[in-house]
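Peer 1: Below is a structure I'd like to ask you about.
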Amino acid sequence: MSGPYTKIDLDKEEQDFQNQIKEIEEWWSQPRWAKTKRIYNAEDIAKRRSSLSSVPASNQQAQKLFKLLGEHAKNETASFTFGALDPIHITQMAKYLDTIYVSGWQCSSTASTSNEPSPDLADYPMDTVPNKVERLILRRQLFHDRKQREERLSVSKQERAKLPYTDFLRPIIADADTGHGGITAIIKLTKMFIERGAAGIHIEDQAPGTKKCGHMAGKVLVPVQEHINRLVAIRTSADLFQSDLIAVARTDSEAATLLTSTIDKRDHYFVIGATNPDIPDLIDVLTEAELQGKYGAELSQLEADWSKKAGLKLYHEAVFEAIDKSSSVKDKQAAKDKFSAKVGPLTGTSHKEAAKLAKEILGEEVFFDWEAPKVREGYYRYQGGTECAIMRARAYSPYADLVWMESKVPDYQEAVDFAKGVKTFTQTNWLAYNLSPSFNWNKAMSPDEQETYIKRLGKLGYNWQFITLAVLHTTALAVDNFSRDYQKIGMKAYGQQVQAKEIEDGIEIVKHQKWSGAEYIDGLLKLTTGGLSSTAAMGAGVTEDQFKDH
């Protein structure tokens, strides 16, 4: 065939294709993937990869994280960390903590690529958090690793034994929010995270357009299967780009109150409906009131009045109430037990099936309308809770490495219940826990309980725990205190409360020129000029010589 095409060796093309399929199958047969479910095969991935492909550098970090979490799970301990904002944070964190977190909340408030701050609504450009990851790992973690490596390998092995060593390449887990769009957006976002250096990402089951911080009200969930599709998209993207990326499935269902759709029967048990057949739909009441010129507080009062009359309940509550009132059902507890045996939070029974069973038990239908209470944005009312979170976590677990229930308070018993509910279903999944600064820790528990909380959670299987906004608060506290004292006592505040404390605690940033890499860059300069440079930054006369004894 002639024409404006490139000649290709078909036999080699086919051989390369088959070899890649075999390589993928061998990859997937490793213990790493023992608990991972895929809905596609190796051929599906191989045919969609580029002819020019390579394993990303971040894959080493993903493998490192997987091994680390496995060790913590075996030892019933936890990797506990907090969200980093700046390279200064990661260099100090790396000395003590074995993972790093990158928070979407912190990025939203301080690092949006739109340069417009916002609360945690995930309304920033989708490259915001990946860019923060790149700034922290590709541009900073690697730099400090190179700097340390040059310093250590410039002396003998015996001398290196006396030098402190820090693993600056701590694996990063980053916040993917709800994925910033549909399936293709999630595939692209995952690729961004892999390319920028993330070892893992977490994604939550809220609706993207109404996403809220896990500790805000008004959270809207997507159906169970829709979030599973997101998790599959993450793994598909990671497979396409040859990454062992760790996937964390978060559910916000413990405190959620709304649902986008009733398409998934696993959600039906938790959908709220009206049990009063004599009231109009809420949206009709509100629309009519708006046409009459009512707004604001008047509409809120109308909705509250409507809700009181509607008899809002879950379907099983309506059935139990009907059983209690029924004169034809003699053994009421037996009737309830019969219904509960097939209709429960974890049975996945559809509303249609539940209604059929209720009619069989009662001899008549139980009125229940989940369309009537829909809110003006079109969402269904939903009653979440721990059981709901367990149901969702179980559904997500085959497609994720860790599952995480966002919670309202640091309730240890709730953590026990969730862990038991998930572990009963799957022994293989690790759990994650948000040690949120949104909690009032001093109201929630005593200082002694605070000290042991991480360890107690670790024994339950919460092998990765994190404080989302610790550096936001610690930075504010430190700068506020220093500013206050600086205003009062001038340079004494810096000399005594900062510099002297840095020296006392051995914090290397007291020599900030060295910390920033001045000696390392001098070495590169001398390397390219034959070992001599009159413009070396750390040469004779450098001010930092004043700290040579520290």
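Every residue, even glycine, has its Cβ placed from backbone N, Cα and C.
Below are the features listed in Swiss-Prot for this protein:
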- Ser103, Gly104, Trp105, Gly214, His215, Arg250, Asn434, Leu435, Ser436, Pro437, Ser438, Thr468: substrate binding site (BINDING)
- Asp175: Mg(2+) binding site (BINDING)
- Cys213: active site, proton acceptor (ACT_SITE)
Peer 1: Test of understanding: give the count of other CB atoms lying within 10 angstroms of the CB of Asp175 (Mg(2+) binding site).
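Peer 2: Other Cβ atoms found within 10 Å: 28.
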Peer 1: I need the CA-to-CA distance for Ser436 (substrate binding site) versus Asp175 (Mg(2+) binding site), whole Å please.
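Peer 2: The Cα atom of Ser436 (substrate binding site) is 14 Å away from the Cα atom of Asp175 (Mg(2+) binding site).
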Peer 1: Among Ser103, Asn434, Ser436, Ser438, all listed as binding-site residues, which has the most CB atoms within 10 Å of its CB?
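Peer 2: Of the binding-site residues Ser103, Asn434, Ser436, Ser438, the most buried by Cβ count within 10 Å is Ser103.
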Peer 1: By a simple count, how many Cβ atoms lie within 10 Å of the Cβ of Trp105 (substrate binding site), its own Cβ left out?
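Peer 2: Around Trp105 (substrate binding site), other Cβ atoms within 10 Å: 24.
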Peer 1: Between the Cα atoms of Trp105 (substrate binding site) and the residue listed as 'Mg(2+) binding site', what distance do you get, rounded to the nearest Å?
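Peer 2: Trp105 (substrate binding site) and the residue listed as 'Mg(2+) binding site' have their Cα atoms 9 Å apart.
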Peer 1: Write down the Cα-Cα distance for the residue listed as 'Mg(2+) binding site' and Asn434 (substrate binding site), rounded and given in Å.
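Peer 2: Pair distance, Cα basis, whole Å: 12 Å.
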Peer 1: To the nearest whole angstrom, state the Cα distance for the pair Asp175 (Mg(2+) binding site) and Ser103 (substrate binding site).
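Peer 2: About 6 Å separate the Cα atoms of these two residues.
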Peer 1: Any idea what DSSP makes of Trp105 (substrate binding site), helix, strand or coil?
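Peer 2: Reduced to three states, the DSSP call for Trp105 (substrate binding site) is helix.
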Peer 1: State the three-class DSSP label for Ser436 (substrate binding site), counting H, G and I as helix, E and B as strand, and everything else as coil.
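Peer 2: The three-state answer is coil.
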